[in-house]
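J.: Let me begin by handing over the structure; questions about it come next.
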Amino acid sequence: MPGRFREDFIDALRSKIGEKSMGVYGVDYPATTDFPTAMAGIYDAGTHVEQTAANCPQSKLVLGGFSQGAAVMGFVTAAAIPDGAPLDAPRPMPPEVADHVAAVTLFGMPSVAFMHSIGAPPIVIGPLYAEKTIQLCAPGDPVCSSGGNWAAHNGYADDGMVEQAAVFAAGRLG
C-alpha cells in the first residue's frame with residue numbers, strides 16, 4: 001500500500017489491537033501496469049508469508065494491498081495458478097499457510113475487465129482465504145468497477161474504507 005494510505009491503515013489497525021505486537025512488511029516489487037513486474041511482488045509476498053508462518057507459528061498475519069498491491073495479494077491467496085498466467089508464475093502457497101492468515105484487506109482490487117485490458121489473468125481469491133477477505137471498491141473507481149473516477153481510486157485514505165478494513169482485520173485477529 002502506498003505512502004500515507006499504507007500508514008493510515010497501519011495506524012488504524014494498531015489502534016484497534018491494543019497491546020498486541022505488530023510488525024509490518026512492505027512487499028518488494030516495481031508497481032507499474034506492466035503485469036510481469038507484479039510477478040516479483042507475488043514471489044516476494046508469498047515467500048514472506050510462508051517464511052513467517054513457518055518461523056513464527058503463533059503469529060496471525062493480516063495481508064493487504066491497494067490496486068496492483070491488491071492484485072498481488074489476490075494472486076498470493078489464489079488456490080491455483082490462473083489460466084493465462086506466465087509459465088514462471090509462482091505456485092500457490094501450501095494450504096496450511098492459510099491457518100496463519102487472519103485477514104486479507106484489498107482496496108481497489110483490479111476487476112476482471114481491468115485485468116483483461118492490461119493483458120493479465122483474472123484474480124480469484126482461493127477458498128481458504130475468501131471468508132477472511134474484505135474487498136473494498138470506492139464507487140466510480142475505474143480499476144475495480146466500471147466507473148471512470150480516478151479521484152475515487154486515489155481516495156481510499158479519505159473515504160472511511162481504511163477504518164472499515166481495520167475494524168474487519170482487528171475483528172479477525174480476535
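Glycine residues also receive a Cβ, built from the backbone N, Cα and C atoms like all the rest.
A quick note: this is a predicted structure, and the numbers were derived from the prediction, not measured.
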J.: Tell me, from CYS56, CYS144, which cysteine Swiss-Prot puts in a disulphide with CYS137.
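T.: According to Swiss-Prot, the disulfide partner of CYS137 among CYS56, CYS144 is CYS144.
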J.: Quick check for the class: what is the C-alpha distance, in angstrom and rounded, between CYS137 (disulfide bond) and SER67 (active site, nucleophile)?
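T.: Computed Cα spacing between CYS137 (disulfide bond) and SER67 (active site, nucleophile) is 10 Å.
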J.: Check the Cα distances from GLN68 (site 'Transition state stabilizer') to each of the recorded positions ASP141, CYS144, HIS153 and keep only the ones within 10 Å.
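T.: Of everything listed, nothing lies within 10 Å of GLN68 (site 'Transition state stabilizer') (Cα to Cα).
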J.: Long-range same-chain neighbours of SER67 (active site, nucleophile), Cβ under 8 Å, sequence gap at least 6?
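T.: In sequence order, the residues whose Cβ lies under 8 Å from that of SER67 (active site, nucleophile) (at least 6 apart) are ALA31, PHE107, GLY108, MET109, PRO110, VAL143, HIS153.
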